[in-house]
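Remarks on the structure that follows.
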């Protein structure tokens, strides 16, 4: 039982316990639908199979819960599992039987990162200071998912408050990479990426402040989509760095990530930073491979960022990215190297800005209004001791860094200068995207590294974000999808290519990514843990 391996936080698995009470024929996993619609998409397959009565939502949910029950003790993607998954699936079956209207995500099982508020489940941001906290409302994106018929499976593990690149920074447990259990899944959305990679859920939601969707997507061999800043409401997302935070999507295909993005996008009256731009039909960009021309991307201009394939990047990663660039050329693209001179400046600027904003945002966790509270005789002691016992070491360090950067006498030298660098980064991207339709780069300088390898070397861990932070500084959309492997002797580890577009041009990225994905030959991005032991 999963509940026997938790420590120290309780995992609620009453729905999984009920599976053991089913008959032998019921407890066996139901094969997933084999009928595949023209665009490769688990979401579209699920909807078609449910509406045609080929499979029931209960059978589908049982299959995924069986797989989750089997793999979770090894992977530890989830901090909490919903106990109403089967009940919600039964309601979907009732609606379909009564020919009632159902949404575009009907029956889709979705994981939600633990810093995104859910009113019926704890939301702790992976921190002890919010242990057992249950918000009184759903985040806008969670509400959108539920309205579209999606079923929230549970809350996924993460680095505390999104501060980390390995998911080792969680206050509760360490998540493993489904490709190699001795390796990290990336972070801070490592739980969401690992859950999709291990097929514990169909899609998942994460947050991306400096690469926290894209880097774990690369490490876990799944698709990760960071939308333009403002495309998706942040209402209900626990703030880390408000000018950088974005809610993003994970899927096992580009189509699934795009369909999920469409469901959660749009203006929100509760979020003044959300855009009022019309949300396009992203699914219209997904064309089946047998309907593609011989050069489906003819005329597309692609810029390979030179600074991302130089010293400091693993040679096998560079080889995979150059191979992906060659594949894009075969599809009709014109690929040229472009230089972004300010690229290397983005990393230090990002950490100054993000830490500064976090020192302000996390001041609300004082032990008074909600969260962990210690008994103290006077207010300053209550504040200090509640935060000392509730925050982990990484969060404390970043709060102190940010407070220092904003302090009198240092503001101009650090925070102001970092904002000036941010402007330079934006301008360099704008210039490059004026000459190119998309830009490409690795999503990370290496494949997934060993658990514990960089835990005591924060500067090395921070350097791993160099490929992604600039996109957040510029507020641009980016798509990561697997493009190859690094040979690690015992098992091959996936490598992701990052595609960057101009603001609000997710549609273009999804089109290019979908065609790239469908035409990439000879690669299966299903981890051995899943492929060998369970039906996919």
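From the backbone N, Cα and C atoms, a Cβ is placed for every residue, glycine too.
Residues annotated as domain 'Amidase' in TrEMBL: 60-510. As annotated by TrEMBL, active site, charge relay system applies to 113, 188. Per TrEMBL, the feature active site, acyl-ester intermediate maps to 212.
On the backbone, the CA of residue 113 (active site, charge relay system) and the CA of residue 188 (active site, charge relay system) stand 9 Å apart. Within the model, the domain 'Amidase' (60-510) shows a mean pLDDT value of 96, rounded to a whole number. Here the C-alpha separation of the residue listed as 'active site, acyl-ester intermediate' and residue 188 (active site, charge relay system) works out to 5 Å.
Around the Cβ of residue 188 (active site, charge relay system), the same chain contributes 126, 158, 159, 162, 163, 164, 165, 167, 169, 206, 207, 209, 212, each under 8 angstroms and 6 or more positions distant in sequence. When other Cβ atoms within 10 Å of the Cβ of the residue listed as 'active site, acyl-ester intermediate' are tallied across all protein chains shown, the result is 36. Residue 113 (active site, charge relay system): 32 other CB atoms within 10 A of its CB, across all protein chains.
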